[in-house]
Amino acid sequence: MKRGLLLLNAIILTIGGCGGPMVMRLYFLHGGNRVWLSSWLETGGWPINFIPLLVTYLNRRHKEGPAAKLIFMRGPLFFASILIGVLTGLDDYLYAYGLDRLPVSTSTLVIASQLAFTALFAFILVKQKFTPYSFIAIVLLTVGAGILAIHTSSDRPEGESSKEYYMGFIMTVAASVLYGFVLPLIELTYKKARQAITYALVLEIQLVMCFVATLFCTVGMAIPREARDFGLGKTTYYVVLVCSGIAWQGFFLGAIGVIFAGSSLLCGIIIAVLLPMTEILAVFFYKEKFTPEKGVCLVLSLLGFVSYFYGELKSDKEKSEADQTPEAETPRASSAIITGMIADA
């Protein structure tokens with residue numbers, strides 16, 4: 001059941017992770033220039049969460065009758081969700097600011113460094129364990145982003161000053177650091193919650209987080225008057241805004257679901273895996289430059305992905321073999337038995 005939920009959320013995360021940046025960049029390319037509006041749209045689709053919440057409630061109602069709970073969230077978890085929502089809103093602004101000034105392909109590659117920050121904060125906050133393969137993956141992704149940082153000016157959009165371009169680069173890195181902290185913070189919230197964490201409760205957390213993040217971005221958002229001047233037409237302008245909100249909500253919904261069914265590090269890995277896909281889409285649809293530096297970064301990223309997933313497969317195989325070994329013959333099993341006896345005493 002949990003594997004199916006993990007797969008479903010990974011698919012939702014993939015669609016949102018690729019679609020969100022592409023649609024947002026489309027807005028900026030054709031005359032949109034409201035950074036606060038773009039950041040607002042990243043979580044502005046929060047009412048979509050009512051759909052899966054309604055489905056889960058109706059399912060509980062069918063099984064439990066009128067006694068089925070409508071809301072699971074308690075006070076401490078509610079306030080934790082508010083805090084994460086504020087951080088998410090700030091991250092939305094940083095990311096939108098960066099994407100306004102960077103090509104999608106460059107922005108996506110910079111965001112790859114998020115994995116290193118996710119790994120660091122996961123180690124600090126939730127004591128994430130690393131294998132040599134996951135460590136190699138993190139190093140390769142970080143080195144790739146560093147190579148790109150050294151040669152950033154080669155794909156600066158026409159008419160944009162060096163100062164604006166570098167500010168976009170810095171803001172994107174800041175967004176990467178902040179979201180690298182937010183993912184393990186969500187996992188820590190799950191672990192520290194003084195109540196059972198169910199998927200319905202995860203959806204409630206997502207709803208509160210995105211609502212608060214949207215309020216945060218609303219403070220700086222002015223009412224746009226740019227629809228009539230949008231390069232693709234007024235109707236397309238509003239379609240782009242709606243699609244952006246839906247895509248980004250899919251990203252956040254998938255991310256929080258993957259953390260629930262897997263871990264924050266796995267979520268960071270999946271987000272990084274989307275890098276090549278978004279890179280190729282940006283070059284194909286927006287005719288962005290594919291420089292040698294991006295090629296090197298892309299290769300290193302792919303090698304990092306392969307290293308991580310090979311390590312995971314090897315770890316799963318070793319666990320499976322260990323489970324088939326008689327417990328009495330393994331020191332770990334003996335230790336577990338002794339620990340259980342002490343606990344019983």
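Glycine is treated like the rest: Cβ placed from N, Cα and C.
Per TrEMBL, these features apply:
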type	residues	note
TRANSMEM	43-59	transmembrane segment
TRANSMEM	71-90	transmembrane segment
TRANSMEM	102-126	transmembrane segment
TRANSMEM	133-153	transmembrane segment
TRANSMEM	165-186	transmembrane segment
TRANSMEM	198-223	transmembrane segment
TRANSMEM	235-258	transmembrane segment
TRANSMEM	265-286	transmembrane segment
TRANSMEM	292-310	transmembrane segment
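For the transmembrane segment (43-59), the residues of the chain that approach it from at least six positions outside its boundaries are 68, 70, 88-89, 92, 199-200, 203-204, 206-207, 209-211, 213-214, 217, 245-246, 248-249, 252-253, judged by C-beta separation under 8 angstroms. Counted over residue pairs 6 or more apart, the CB atoms of the transmembrane segment (71-90) and the transmembrane segment (265-286) come under 8 Å in fewer than three pairs, which marks the two as apart. Across 165-186, 235-258, 265-286, the stretch most heavily in contact with the transmembrane segment (102-126), judged by Cβ pairs under 8 Å, is 165-186. Under 8 Å from some Cβ of the transmembrane segment (198-223) lie the Cβ atoms of residues 5, 34, 36-37, 39-40, 42-46, 49-50, 52-53, 56-57, 60, 71-73, 77-78, 81-82, 84-86, 88-90, 92-93, 186, 189-190, 249, 252-253, 256-257, 260, all in the same chain and six or more residues away from its ends.
Here the transmembrane segment (235-258) has Cβ contacts under 8 Å with residues 5-6, 8-17, 19-20, 23-24, 26-27, 32, 37-38, 41-46, 48-49, 52, 88, 183, 186, 199, 202, 205-206, 209-210, 226-227, 266-267, 270-271 of the same chain, all six or more residues outside its ends.
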